[in-house]
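K.L.:
The domain 'HMA' annotation in Swiss-Prot covers 2-65, and the record cites sequence analysis as its basis. The Cu cation 1 binding site annotation in Swiss-Prot covers 13, 16, and the record cites sequence analysis as its basis. Taken from Swiss-Prot, the feature Cu cation 2 binding site covers 211, 213.
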């Protein structure tokens, strides 16, 4: 089933809109693209993973930040962090975006980066307690298959990967639960990535470009989180 996602994109003229539409023309699953030049926003309807749309826009030298997905109260997000001592400088290693497309079906867009090459196994946990994660996250609420991390990030020797997973569940049953990403399908290892699922904005619920709390633009805030490891995932 289709859903709509809005993205903030720096647009200078109608030619920029045309370039973005052309870049997205070959992304599988896109049904329509609407470009709002004055608002510096594009909205994309279809079944494509938001992370794939961001990647396609970045491939033409522009940038894109997800501003909303799905209908009100139908979207959630989970930032996945490493608590390993060696990752203290850049703890953020992944992001999961969740959008409900029906009362019983949600799509989960999982992106991982800055990791050793290999297969990783994400799962939703019964608890959202990360005080002693991953042990405090409890047992498996829902396994989410696997993510192949095999795309070279940079000269760092680390890799990234992405998966788009269907989940027969409701967003309301996921809010507040934890997520874990482990290198084992059966055991959540001590240095697994962890995070807590929280509600996120639906389409057009967050079209502002300046944060009222910090006074920073969305692009300045993006740089802040990228310095902590969240590369190309917002």
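Every residue gets a Cβ built from N, Cα and C, even glycine.
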K.L.:
When a 10 Å sphere is centred on the Cβ of residue 13 (Cu cation 1 binding site), how many other Cβ atoms does it contain?
P.N.:
9
K.L.:
Please report the number of other Cβ atoms within 10 Å of the Cβ of residue 16 (Cu cation 1 binding site).
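P.N.:
A count of 18.
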K.L.:
Under the DSSP assignment, what numbers of helix, strand and coil residues are found in the domain 'HMA' (2-65)?
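P.N.:
Looking at the domain 'HMA' (2-65) with DSSP, the answer is 20 helix, 20 strand, 24 coil.
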